[in-house]
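First the structure, in the form of structure tokens, and then the observations on it.
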Amino acid sequence: MKAQRGRASRRPCSRVPVPRRPPPGPGMCLLLGAAGVGKTLLVKRLQKLSAGDGKGDLGDPPPTRPTVGTNLTDIVAHRKITIRELGGCMSPIWSSYYGNCHSLLLSASCVLLLGLLSAEELAKASVLILFNKIDLPCYMTVEEIKSLIRLPDIIACAKQHITTAEISARDGTGLSAVLLWLQEQHKCSS
């Protein structure tokens, strides 16, 4: 197809997508982190865990693919919570999704963490920093990571209430604690 002079050609792939937002409400949780940190597996495991009694065998890890764009997943933790997972490649436009955020699950680097904590729209969001992949034989302890990124100093200066959790989305370690944290953050909101 030839482009004609004087007319704007319409190419939908050349436009930046407008975020599809669910209705405003306190049940929105953003899941942010770099590519490859296990966000999609975490969401799938939390969904399976919330569908049961919060206990039991999660089975083998389901297959995942890198998230390009955004995934919306509903879990039930005393009430419906929508987890919006944003692909790591979308980090330049993450801020356009901050408005509906009540809580934030974060698996990120120190620089990314500082940027998110300074965002005015996230000032009232509760934050859970996830230290994922603890099942790997060469992982650093949480204390080593906290020291490396000076997390106590970051927490002291942050406006948000910040919690940390060691997890393995692959084998399920710590996922019950994440689900309980989500329930706690979203139970008083209506």
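Cβ atoms here come from the backbone N, Cα and C positions, even for glycine.
Note that the structure is predicted; figures quoted are calculated from it, not measured.
In TrEMBL, the region 'Disordered' annotation falls on 1-21 of the listed ranges 1-21, 64-84. If you count neighbouring Cβ atoms within 10 Å for each of the binding-site residues Lys39, Lys133, the highest count belongs to Lys39. Within the group of binding-site residues (Gly33, Gly88), the Cβ with the highest number of other Cβ atoms inside 10 Å belongs to Gly33.
In the structure shown, the C-beta of Val37 has more C-beta neighbours within 10 angstroms than that of any other entry among the binding-site residues Ala35, Val37. Thr67 (Mg(2+) binding site) sits 8 Å from Ala35 (GTP binding site), taking the C-alpha atoms as the reference points.
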